[in-house]
Amino acid sequence: MATSSSSSSSLLLPNINFNSRQSPTITRSVSIAGIFLPRNRLSYNHNLRIRTRLIRASKDDNVAVEDRDNAVKINGDYNGSARLNGNGSARKSVNGDFNGSARLNGNGSLVKYVNGSVTVETEEVTKKRKEEVRKKRVEDIGQEDAWFKNNTQQKQVEVSVTPGGRWNRFKTYSTIQRTLEIWGFVVQFIFRTWLSNKKFSYKGGMTEEKKVLRRKVLAKWLKENILRLGPTFIKIGQQFSTRVDILPQEYVDQLSELQDQVPPFPSATALSIVEEELGGSVEDIFDRFDYEPIAAASLGQVHRARLKGQEVVLKVQRPGLKDLFDIDLKNLRVIAEYLQKVDPKSDGAKRDWVAIYDECASVLYQEIDYTKEAANSELFANNFKDLEYVKVPSIYWEYTTPQVLTMEYVPGIKINKIQALDQLGVDRKRLGRYAVESYLEQILSHGFFHADPHPGNIAVDDVNGGRLIFYDFGMMGSISPNIREGLLEAFYGVYEKDPDKVLQAMVQMGVLVPTGDLTAVRRTALFFLNSFEERLAAQRKEKEEIAAAEELGFKKPLSKEEKQEKKKQRLAAIGEDLLAIAADQPFRFPATFTFVVRAFSVLDGIGKGLDPRFDITEIAKPYALELLRFREAGVEVVVKDLRKRWDRQSQAFYNLFRQADRVEKLAVVIERLEQGDLKLRVRALESERAFQRVAAVQKTVGSAVAAGSLVNLATILYLNSIKTPATIAYTVCAFFSLQVLIGIIKVKKFDQREKLITGTA
């Protein structure tokens with residue numbers, strides 16, 4: 001009678017070793033989930049070892065079962081057959097040195113047998129294999145992203161200078177040399193830009209085609225020198241790569257190549273950094289480590305590896321970045337302080353360049369600490385854990401340090417690769433909507449958003465019909481509660497057409513500085529609020545007319561003259577108020593807003609690339625309606641409104657008892673006016689503009705007279721062989737000549753602004 005013993009555990013990948021007198025040792029792999037039932041058919045002796053944790057093992061009288069260290073060893077005599085039964089159905093014969101057959105029943109499916117090796121997949125293994133196949137497909141479609149690999153079918157960025165240049169070896173030269181290198185680049189760029197706008201620099205006359213060609217050449221030169229200067233300037237170039245409102249399209253096209261097409265640094269250096277940071281050799285830590293990087297960015301590069309059976313990627317930081325940032329940011333602060341003095345622009349916005357610099361410097365220093373990036377990644381993933389269309393790679397904290405970041409390998413296709421997305425079979429229109437919705441969630445709901453959303457940091461795979469994959473969380477933005485509340489209040493003010501509420505919200509956010517007289521600002525806000533709905537209706541009507549015209553086979557867009565006329569009409573209505581705003585400069589531009597505006601400008605460009613009819617306002621409309629419903633139904637909002645109303649009523653009740661005093665004060669003011677003791681100051685904007693222009697002209701004329709006198713004096717001295725004083729006189733003459741040139745430009749700007757304000761431009 002047979003006796004049996006059993007034990008429960010989970011069955012992993014066992015190895016079966018057959019040793020017999022008739023054949024050498026052969027290793028066969030079996031993956032099952034079930035019951036092992038050996039039968040004793042004596043033919044020759046062999047040993048059977050299953051390296052696994054057994055679910056249940058049964059034995060006959062003549063078979064010994066030993067369970068030790070997750071291994072089951074069965075010794076006995078077999079007549080060429082064994083039977084493995086489980087919770088499924090799979091049967092296959094085994095051909096090999098072991099003469100017999102095996103029946104394998106598992107809760108999966110039998111895949112194959114080769115020379116006595118049988119593989120049975122469980123549901124978990126099958127799911128894992130399918131996921132690997134899916135990832136491999138995404139890799140094959142998006143393989144062009146590894147632009148720096150030697151592939152003749154891919155278009156690579158042409159960089160004539162040595163990528164990495166001296167900044168990769170900056171410890172070998174001094175801070176002074178680096179500073180001279182930076183300012184040499186700045187001076188060259190200013191001179192080249194100035195020269196490209198001068199007629200005498202064009203052979204055969206200046207034409208628009210020649211100017212475009214010159215801008216393309218200069219833009220390529222700018223990109224190559226930014227690459228040569230290194231990570232700090234690459235980051236700045238990335239910031240401007242989407243600002244089509246500042247730079248011509250030729251510059252934007254070249255700077256966009258800085259977004260993720262940055263040359264990698266030597267892999268040997270990356271390998272040494274990984275081993276130093278993780279405290280061991282890559283052979284001991286990883287099952288596999290790919291020597292060649294799969295991507296490179298301004299601050300580091302990415303290598304694939306296999307860790308404990310899982311595919312991972314390692315983000316390795318470029319060496320010596322902090323010392324390089326210390327040098328570069330000192331020079332950039334000088335530039336920011338200069339811009340703080342020469343700005344504001346004529347739009348009335350006085351940008352706080354020093355604050356923007358401080359914010360950027362803080363972000364750069366945070367980006368070179370990968371532990372902070374890992375924390376940002378986990379916070380971001382937690383915010384979107386309930387959304388199926390957003391994926392964030394998981395972090396392996398045990399293998400993450402300030403210079404090495406280890407995370408889950410999640411392949412994807414860049415969101416601006418239209419042909420690859422079509423080949424993947426995802427809905428591009430839906431992807432554009434998802435991108436905007438995800439950012440609205442980040443800003444309005446969480447107040448924590450990805451501040452660098454260029455196409456290199458947003459990818460797509462085919463999960464759930466198209467899923468957004470976010471990478472690189474080193475550059476994140478946070479919106480404080482008062483700014484978020486101010487944004488909502490401004491939105492409600494626009495909806496209710498209440499200029500006072502809009503201005504109050506702008507003051508709360510720090511965008512508007514309350515000056516002594518906000519009358520011009522209020523009138524301008526009221527004008528835009530009143531015309532907002534009319535302009536939206538006109539735009540909708542214009543779109544309908546254009547669509548109808550296209551259906552009939554012709555299109556009649558507005559001519560350039562008609563657009564200019566509409567612009568003149570708008571300026572004529574509020575021109576004086578805009579000029580007063582420009583003079584008072586009540587607006588400020590918080591540093592956080594630069595990242596928000598940049599993010600939505602990037603998303604708008606991405607969306608229009610995915611869908612020609614992309615309209616960001618249509619996507620944001622449901623969120624606006626939801627905010628309005630919350631405004632109407634939210635308990636907290638109702639309580640807040642009641643509190644505000646109570647404060648206003650309390651103030652009104654208090655003022656009721658002060659009316660007599662105010663009437664008395666008004667009578668005193670009128671009496672002083674009648675007696676001539678009170679001066680009334682009236683602001684005449686036309687006179688102010690005229691005086692400013694006259695002052696500029698007078699200064700220019702004075703500089704011209706001084707330059708003329710000095711050039712005569714220097715010439716006389718030189719002719720009389722008095723060379724040293726002549727040289728000094730020529731130098732001072734050059735200074736006054738430069739002042740004359742600046743004065744002429746300033747007078748021209750005054751004239752242009754006058755024409756723009758009066759609508760005669």
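Positions of Cβ are set from backbone N, Cα and C atoms, glycine also.
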Same ATP site per Swiss-Prot - residue from K315, K322 joining I294, A295, A296, A297, S298, L299, G300, Q301, V302: K315
Local backbone state of D452 (active site, proton acceptor), from DSSP in three classes: coil
I294 (ATP binding site): tally of other CB atoms within 10 A of its CB: 19
Mean per-residue pLDDT computed across the domain 'Protein kinase' (288-648): 78
Residues I294, A295, A296, A297, S298, L299, G300, Q301, V302, K315 [recorded ATP binders]: greatest CA to CA distance in Å: 15
Distant-in-sequence neighbours of the transmembrane segment (725-745), which means Cβ under 8 A and at least six residues beyond its ends: 696-697, 699-700, 703-704, 706-707, 710-711, 713-715, 717-718
Between D452 (active site, proton acceptor) and V302 (ATP binding site): CA-CA distance (Å): 18
Using Cα positions only, nearest of the binding-site residues to D452 (active site, proton acceptor) (I294, A296, S298, G300): S298
